[in-house]
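Following: one structure in structure tokens, then a few remarks.
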């Protein structure tokens, strides 16, 4: 039958989406050169996927909780296609960010050759094209519904064949993400410790360390989401419908957790972003204060210009 509407989660998702959008707007509208680099460009590109995910997952949860029925068939199908695509986009985006952090530490001399503006935009285009092509087969798929004794109709999922292909695609992408993120993050930590012993701690290296920690936090939370996807695939193959449905409901709040980490951890760990947020709220201050602020940021830019 109809589930209880989780109002608290809906409000939390609205707050989370608002915060994420604000962080993205601060980065996009900033005139500071550092926010035009490869790391922040890919952060914004992946952040757009994450924000879309928050809204779409919220609708799919409400569809189950409120038993909206078959009238919303086309909307639900469209949402499922996009939400799966943006999940894979999240995986690809964070693989790119992890590679970016690794190359900033391990291949600093070649960094500017690899992460040119043109290459970064190529990566972003590939990120989105691959993500949506992977689930293009969902278009026109049939959804199955359960007719309950109380007269309500609850969305169950895809037909078995379609569900198997979708689940295989998600699990395959999750396995690739798991291997790449674990290997590269481990190598990045090892390399950073080795270089720290040689070069000591400078502002440049401290900034690298913080962005590396950010990438690792995002990877860890994404891995937790992937682990539930693995469990969901096993439940589907074993025909455990009740467990499958329960795991689906768990995925809703785990997705919220996963996409909440990028904006808040970057705010916590990036002094550049915190400074830009302060500037965003202080843009109407006196010219003398603005001059000091610009002078301060230009000094920082020489320190972390290559990140």
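Even glycines carry a Cβ here, placed using N, Cα and C.
Within the chain, the transmembrane segment (12-28) has long-range Cβ neighbours (under 8 A, six or more residues past its boundaries) at 35, 40, 43-44, 47-48, 50-51, 54-55, 57-58, 256, 259-260, 262-264, 266-267, 273, 276-277, 280. Per TrEMBL, transmembrane segment is recorded for 12-28 (among others).
With a cut-off of 8 Å between Cβ atoms, the residues of this chain six or more beyond the transmembrane segment (40-62) that come close are 5-6, 9-10, 13, 16-17, 20-21, 23-24, 27-28, 34, 68, 75-76, 79-80, 82-83, 86-87, 89-90, 93-94, 96-97, 100, 117, 120-121, 123-124, 127-128, 131, 249, 252, 255-256, 259, 262-263, 266. The transmembrane segment annotation in TrEMBL covers 40-62 (among others).
When Cβ-Cβ distances below 8 Å are used as the criterion, the transmembrane segment (74-99) is approached by residues 39, 42-43, 45-46, 49-50, 52-53, 56-57, 59-60, 63, 68, 123, 126-128, 130-132, 134-135, 138-139, 141, 143, 155, 158, 166, 169-170, 173-174, 176-177, 180-181, 184-185, 188, 215, 218-219, 222, 258-259 of the same chain, each at least six residues removed from its ends. Taken from TrEMBL, the feature transmembrane segment covers 74-99 (among others).
If you look up TrEMBL, you'll see 120-145 (among others) marked as transmembrane segment.
According to TrEMBL, the feature transmembrane segment maps to 165-190 (among others). Listed as Cβ neighbours of the transmembrane segment (165-190) (distance under 8 Å, sequence separation of 6 or more from its ends, same chain) are residues 84, 87-88, 91, 94-95, 98-99, 101-102, 105-106, 134-135, 137-138, 158, 212, 215-216, 219, 222-223, 226, 229-230, 232-233, 236.
Annotation comment: TrEMBL describes 211-231 (among others) as transmembrane segment. Note on the transmembrane segment (211-231): residues 39, 90-91, 94, 97-98, 101, 104-105, 167, 170-171, 174, 177-178, 181-182, 185, 188-189, 192, 247, 250-251, 254-255, 257-258, 261-262, 265-266, 269-270, 307 of its chain, located 6 or more positions outside it, place their CB under 8 angstroms from a CB of the stretch.
What TrEMBL records for 251-269 (among others) is transmembrane segment.
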